[in-house]
Structures are given as structure tokens and as C-alpha cells.
């Protein structure tokens, strides 16, 4: 007699052991948003005396603006992508601090590593007037050799053993001639910048305002990298005079578009006709990170491991010793792991073209969730961009969308996608404001659409409609989603920041979602009262409370008893619906028919009534 292996519910193994899927709220399949490597960013900051000169009207110095910008990037990286690597390096210093101290006048303040609370505190120490004094005592200002600083940054990248997907270096300075006309040091810096660019490092210039203006053509135009693609702006000619402009420019450079899935997909246009495309996220819901369990002795993350044991012998079960089971129609269906994998698999990941439909057939209620953006991947399959562009142009000219079957990842159910064409748009400065590609709209299935019975409500009169139009016109404003931050998330991260940085209290946040009542009242004037007079009766008071009902003098108001005939009771017994009656109704029925019960539980009352009616 053989002992059957342990049976496990098959849906507990819906995710395969060899898959690493990061599920998202609102995404029923789960998507891997991770890139194939980590991003890296090096801040190379000029520490010369000119950087510490304050602007007019006590404006912050270029050095102070740079430190505030660095701190902003540090904190945003901790929240959004704490696995990315950041470094802070100063050049033109009196003191030298770098690996093996091979480079003079270069001070590595932070090595290339993940950001943390300690690093944010270090940058806070360099802000303001006290920060300038600390920087002067720690590093000082000395000779400048940008070539050696770039060489030092190259060594920082070489010492990293992790795989890096993007390498970026930002130079912050207010001097357009750092070497003051020294041709040898200029040539050395340009040569080293060329070496860095050949290894995949993108060099950007964040130049700040200085008296007399900043001329990038004197030196830095041959140091910075050209734009990576058509959608990215190149070297900005105008320097940054305000902190907001500097932060906006840094944010535009350091933010990298990432594909939705770690693997590119194929868009199948027909038999043997495949186009490689990448799927990009257009909108993603921000939410609190998942809680992590920590060991109380050292605050290290707790890693859980699951082991299966035989219930009778206690021996450890191997994966081959287990089977999957699902109860269906009262019967346990036993399946192997391979059979479960076959059941879950509908088709290979990718997009399969089904046909084309006019744009009028796509309705607003067909949008199930946030759309994705489809863009060709020429590096994967040569010629994809050419075919993709031809398809995009033809769909746009004929005003049609492409209907595709979309399988997101392996073992995910397929769905239908409407590929809506979008042509490239440029502004007056020939900068791209809309990239060419397809917006993938997720379409519902037939069972996802229900027919609702809308209630018949009173219709507003013409005068009421016209008055409401005036109110809407007065309260209208230009809406931008990025102008409103989630107050719950902001408060959550402020609390974490205060806890990590040992602050006395979290930073106050302004809830931008709350209506501005005073401003609305000023804009409306008497319109609100005029609308109330048209809609509500004269004695209507929305803030008034209804008068409480009077209780009878004898105490609480008693509900009238509902007597039930014997025929109705027998009908409940035959249909098996006695359980739907409440306990008070069952008690009254027992008293009505003279049934004696020993308890007050519902089942006891039902059993007593059934026994009485069976006589």
C-alpha cells in the first residue's frame, strides 16, 4: 500500500517558482516594473569660492542651491527607487579625499552607493550659512582640475560590482572657464570626458547664474553628452537662477523612462511578420510601500522560508512529492505541476493583431484602467521602427485603431487592447511634446458590461440649468493632475523622514485636495443663494436637524406583532425558509401555536416548530 503525497490547492502555486512578479494595485495580472540593472547618478559639484557668493537680495548661493537640489534627489530616490546608486564628489577643493588619494583637489563626500538617512543628514549639514562654514572647514577651496575629477568619477563607476543600467554624471558649477584659460588642463578634461562617454556615462551640465552670464561655448559644450534620443533636450544655454528651475532641470534629466516589462514583446502583424515593441506605463498609482518585518534585536529584515512536512511521518516533502488539487462538484481533482502550468497558459506573451475598427467604435466607458504606451524597439528586431511607423501613419490617416490580443506575461490570461495612434507633436522650439506611438486601451469583455436600471428622478427646469451653468463657469479652473499631491502619502513619508532623521516633528504639509471655501464664496457672490432659492423650498435648512420622534409615556415604542397563519408557517417549512425568519418572529409563532421551548437559540425554535407541525 503506497502513501499518497500531500495534496495542495493548485491556486496556491499560481505564481511559478522561477518567476519574479511584482504585483501592482489595479493590475490584476501583476507586472515586473524592474529594470535589468540599477540607475546610478554622480553629483560633481564645484567647490570654488565663486560658488559660495550669495546673489542679490540675499538670494541663496549657487552652492546652497546645489545642496538643496542634491538633498531633494536623495529623498526622492529613497522613496521611489532606493536600490539606485548615488555619489557626491566635490572638485576644486583644498583638501583631497578619494580612493587611494590619487587625485589632488578632489573630495569624494559620498561613494557610489544606495541613499539613506545618514547621507541626507550629511547633505543637510552643508546647507545654509552654517553649511558653507562646514564646507570651508572640511574641504576648502583650492585649485581646479576637472580632468582629474572626471577620472576619479570613472574609478567610482569601475569599483561598482553591480550591474548598472544607466550611468549619469551631473556637473554643478557657476564658472564657464574652470581652468582660467589653461589649455593643457582643458584638453585633459575634454579627453577624460570623451573616455567616460565611450563607457556609457552621460555627462550633463547644471550651470548656475553668475555675474556677466554663463557662456557654455567657451569650454563645456565639448564636455557634455549629446541628447540620448529625440525626446530629450540637449545642453541648455540659459543658466539656472532659481532653485525651482534647477530642481526641474535635474528632475528632467535624472528621471529615466522604464519599460513596463523586463522583456520586450512582439507585435505579430501576420504569419512570419513580427515587430519588436516595448510597453511603457503612462500612469501608475502611487501607494504606500508594503510593510517589512524586522528582527527586534538588530532591526534586520526577516526572511521567511516555507517547508512542507508529511502530516503522518513528519518527513520533509520535496517539490516532486507534492501534487495540486482542486475541489470541483464535491470531488477532488488531482493534478501534476506540469498540468497546472498548461491550464494557466493561454498563449505566449505578446501582441497579436486581430483587425482594425473605426475610432467611433471606441467609447469612453470602454477604458477599464490606465492605458499603456507602445513604442518600437529597433535594437531587438531590425526594421521594427520602419514597419511600426508605417502602421502608425496609416492608422492615423484612416482614423482607425488596431484591435489586438494582448498577453502580458507568461501564465496571465489574455485581454483585448485597442491601439490608438498618436502622431509626433512639436512645440515652437521644435522640442517634442508628444512621442509617436500607440496608446494601448484595455477593453472590457462582454460580461464586464452590465445594464443598469437608472432611477427616474425629477428633471431640472431651464432656469435651474442656466443658473448652474453660471456657477460652473465661475468655479472653473485649469486642472493639472501633477498640481495635487496625495496628502495621505505625503504625510506618511514626512513621518518616516522625521523618524529617520531624528527630527522633533514631521514637516507640515498642505492638503491641496481641500476646497478653498473663501475663494469660492468670493467668486460666487449671490449665485449660490439664487440657486438654492430656485431648487429648495423657502423653509429648507440643510444644516438643521430633524426633530426626534416622541417616545410613548410607557417607555420604548413597541413594534406591532406580526401574526402568522398555520398555512404560511407550513409553507415556510416545506420550502425550507424558516431560517430566513428573525428570532422574535419565531418566538411569537411558538407562543401563537403553544409550542414550549427550553432555549432561545434560533435553531432550537425552528426544530420546535417543525416538531409541532409534524404532529
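Glycine is no exception: its Cβ is also placed from the backbone N, Cα and C atoms.
TrEMBL entries are annotated by machine, without manual review.
The active site, schiff-base intermediate with DNA annotation in TrEMBL covers 34. Per TrEMBL, the feature compositional bias 'Basic and acidic residues' maps to 556-567. Sequence annotations record features per position, and here TrEMBL assigns domain 'Ku' to 314-460. Taken from TrEMBL, the feature domain 'SAP' covers 578-613. Residues or ranges marked as region 'Disordered' in TrEMBL: 541-567.
Counting residues of the domain 'Ku' (314-460) by DSSP class, helix then strand then coil, yields 35 helix, 54 strand, 58 coil. Across the domain 'SAP' (578-613), the DSSP tally of helix, strand and coil residues reads 25 helix, 0 strand, 11 coil. On the 0 to 100 pLDDT scale, the model's mean across the domain 'Ku' (314-460) is 88.
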